Structures are given as C-alpha cells and as structure tokens.
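> According to Swiss-Prot:
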BINDING   R24, E81, K120, K456  (6S)-5-formyl-5,6,7,8-tetrahydrofolate binding site
DOMAIN    216-379  domain 'TrmE-type G'
BINDING   N226, T245, I247, T250  K(+) binding site
BINDING   226-231, 245-251, 270-273, 335-338  GTP binding site
BINDING   S230, T251  Mg(2+) binding site
Amino acid sequence: MNTVRETIAAIATAQGRGGVGIVRLSGPLAAKAGLLITGRTLTPRHAHYGPFRDDEGLVLDEGIALFFPGPNSFTGEDVLELQGHGGPVVLDMLLQRCVQVGCRLARPGEFSERAFLNDKLDLAQAEAIADLIEASSSQAARNALRSLQGEFSRRVHSLTEALIALRIYVEAAIDFPEEEIDFLADGHVLSMLDAVRSELSTVQREAGQGALLRDGMTVVIAGRPNAGKSSLLNQLAGREAAIVTDIAGTTRDILREHIHIDGMPLHVVDTAGLRDTDDHVEKIGVERALKAIGEADRVLLVVDSTAPEASDPFALWPEFLAQRPDPAKVTLIRNKADLSGERVALEQCDDGHVTITLSAKGDDTGLQLLRDHLKGCMGYEQTAESGFSARRRHLDALRQASEHLEHGRAQLTLAGAGELLAEDLRQAQHALGEITGAFSSDDLLGRIFSSFCIGK
C-alpha cells in the first residue's frame, strides 16, 4: 500500500492537560471518519458542535469538528480536526477511535511532510513550522514566521532564477560555437556572475543571523589568568557557575553555561587562562581554550585594565591572533574598571572589534552594555520586516553554492573554461535546491521531518 494514501491521525496539541485538545486526521478516510465519529455529514469549512462517539454510540467527548477537503487544506489532502477537551485520557480515547475507523498513527512530522510532498509548502517553509514552535524569543518567532510565509524561499528562488539565466547564456555559447562568444571579452557573464555572488553573500549573512537566533550563539570568554573571566561568566549566568579565586590558573578546563538574554539563547564558554606553563594539566586546558576560540561565534577577550600590558591587549597572547575569528567577531572586555578608574563605556574600534569597559563585580551599567551588545550580535535589533530563520544545513548549502561560484569564476578568468564554469553553475543551483527541497534525497527528508513533533 502507498503510505501517502493512508489516513493518518495524531494528537496535535501539546502533551499534558489543557482547556482544549485537538486530534488531527489527514487522508482519504477523513470525511468517513467525521461521519462515523460525529454521526453527521460535515459541511466543509464549517464548525460543527456535538458529541464524539465510539463504535457502540457511547459519547467519548463533546466538541467541535472541522472538515477541510483537499486540495484546499494544510496537507493538500482531506483533513479532519476534532477539537475536544484537553485531557490526555480523553484525547487518547478519541485517537483510538480514529484508529478503529481505519486511520493509522502518524509519524513525527508526517502532516508537514505530506504538505511538502503535495506542494503546499517547500522544505524551508516546512522546517520553519518547527522553528516557530521552538522559538525562544520574539525575534526568533518573527524570523520563523517570515520563513514560513516564504521569505527565505523567495530569496533562494531569486538566486536560482539568476543562475538559470546565466546557465542558459553560458551553455548556449558552448552548444553553438559558431557564434564565437568570448566570455571574457563579452563581459556579460562576469557581470551576471558577480551580481549573483553579491546577492548570495547577502543571503548568507542574513541566514547566519537567522541560524544564531534559532540555535544560539557560542560565546567564548578568553584572556590571561586572573583577568576576571570566570567572574564575567557568573554575572552573565546570574549564579556562581564558576569558582572564582585570586589564584592564577583556577580554571583549567572548559566550562559551559547555557543562558538566555531576553529569551535569546547563548552558549557561554569559560576557558583556561592563556599563558605559557609547564603544568601538564593546565597546558591541556590552554590548548582546549585555543580550540574553542577558533570555533566561537563571538570571542570576549577579557583583559585586566589595571595591568601594564593592557594598552595592547592583542599582543598579550600571540597565538590568540592565529586562533581568533574575523576581528569583527572579537569583543574586547576591559575588566576591573572599578580599580583602574576607567569610564564604563562601549567603543567601536577602527579594526572592526568592539571594546567594552566594565567591572565584572556588580557593575550593572557595563554588564547591560555587554548584554545589549550580545543581543545586537544575534540580530535582536532587526525590524519585524527583516530577517528569516535558517538552519545549519541551509548555511552549508549556501556555502557550497558560494564555493562553486568562486571556483567557476576562477576557471573562467584564469583558463577561459566555459565548460567548467557551466558545471560549477549547475552544482551551485543544485546546492540551492537542497534548501527548498527541489533537490533532496529521501534520507535527508526523513531526518528533517522525524525531528518534528507528532501531529505537525
């Protein structure tokens, strides 16, 4: 039997007790199930209040039945919703009644999967449903809603259309050599290619912000021993997460703390103090710290503002320069302002990094500057009309598309190889297609939808 033609059923509301609970059905038996359970033929898109009965006519519950005939439904199939009381026992009895009339229990995400397979939404929109449900902040929810409404997909579709136009031009020139089109002399190909690369870069940047809002930003606190790193972690966490002493090298290993700032998730990593040491255990801690720095979304480089070397903090640890991300991802924290007498402030430096002067010992003003700065790094200041949600797999696909475009451009400019450019353009289009599901393996679809809630 084709499983897509089976009628599926699941409880669509959250587990636990509540005022209302919903059982959702999708498939060819939806109308028949409505008749058998309610005792009446349901008018499409009308609310029918009445009893829900078992196979012997006994009342299981009372509530509202709604029938949506396909293709004008969420899944594109006939859909029935039974809205009753939100007790788990009542809902389970109602679900078992649906199984009695011929339904099977739905797999996690199967309703959204059917909507995707029936072209009611694309893969990015389907994933946005889960992102909206799991959103941990109002900004993340707004971004997920915009993706659900198709904003991310429209951006990807626009890039795909531009790639198709470029492929047509390039492949036509290859297939009809008598036209003698010189790709480089013509200039049209490079112009179109650079325009696509520019727009792709913009989408990558916005998708990166969307992924941070969804998954949380990894913030690594780094610096010399006794710079106040652990004190800063404790202030951000709002509790004594790390041991703080005056003994240099107290923190010898990675310490992770998951926190929220106004609902926005951050994964804060405290690290061992960066210094040369003969202590084997501490040396391992320093190596782990440098590794964490290289993997961070944001690095907080903490310096003791009372130390003589604080005037040139990036010279404190030469290996830090090799491990740190883009300078724009480094925030310099000049700590212990209460001792140095420096003014609490935030400054934007010429090389792209931000400097915040504060005291990690109860300086509310400086700590609020840091919190606001971290929210800004995650895209908190986006307007309701900008941004969209994205996942790591989307970022990987965008990166692959960008790499193919870069490689294709190099093949064209260095070797004049139009055939190789055409292949890179095809690969870039394929990578973008994986975002919306235009090109997706069954294994990928299975992994994505299996992570959804049952009933979604």
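A Cβ is built for glycine as well, from the same backbone N, Cα and C atoms used for every other residue.
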> If you count the other Cβ atoms within 10 Å of each Cβ, which of the binding-site residues R24, K120, K229 comes out on top?
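Max Cβ neighbours within 10 Å, all protein chains included: K229.
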> Could you give the Cα-Cα distance between R24 ((6S)-5-formyl-5,6,7,8-tetrahydrofolate binding site) and S230 (Mg(2+) binding site), in whole Å?
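A Cα-Cα distance of 50 Å.
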> Please give me the CB contact count at 10 A for E81 ((6S)-5-formyl-5,6,7,8-tetrahydrofolate binding site), counting all chains in the structure.
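The answer is 21.
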> Tell me, by DSSP, whether K229 (GTP binding site) is helix, strand or coil?
helix
> Whole-number Å distance between the CA of N226 (K(+) binding site) and the CA of E81 ((6S)-5-formyl-5,6,7,8-tetrahydrofolate binding site)?
61
> What's the number of neighbouring CB atoms sitting within 10 A of the CB on A272 (GTP binding site)?
27
> Which site among N226, S230 has the most other CB atoms no more than 10 Å from its CB, taking these as binding-site residues?
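Answer returned by the neighbour count: S230.
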> Just to confirm: which same-chain residues, 6+ apart in sequence, have a Cβ under 8 Å from the Cβ of K336 (GTP binding site)?
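Looking at Cβ-Cβ distances below 8 Å from K336 (GTP binding site), excluding near sequence neighbours, one finds G228, D304, S305, T306, S359, A360.
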> In whole Å, how far is E81 ((6S)-5-formyl-5,6,7,8-tetrahydrofolate binding site) from A272 (GTP binding site) when you measure between their Cα atoms?
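For A272 (GTP binding site) versus E81 ((6S)-5-formyl-5,6,7,8-tetrahydrofolate binding site), the Cα atoms are 55 Å apart.
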> Which whole-number value in Å describes the distance between the Cα atoms of S230 (Mg(2+) binding site) and K120 ((6S)-5-formyl-5,6,7,8-tetrahydrofolate binding site)?
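Here the two Cα atoms lie 50 Å apart.
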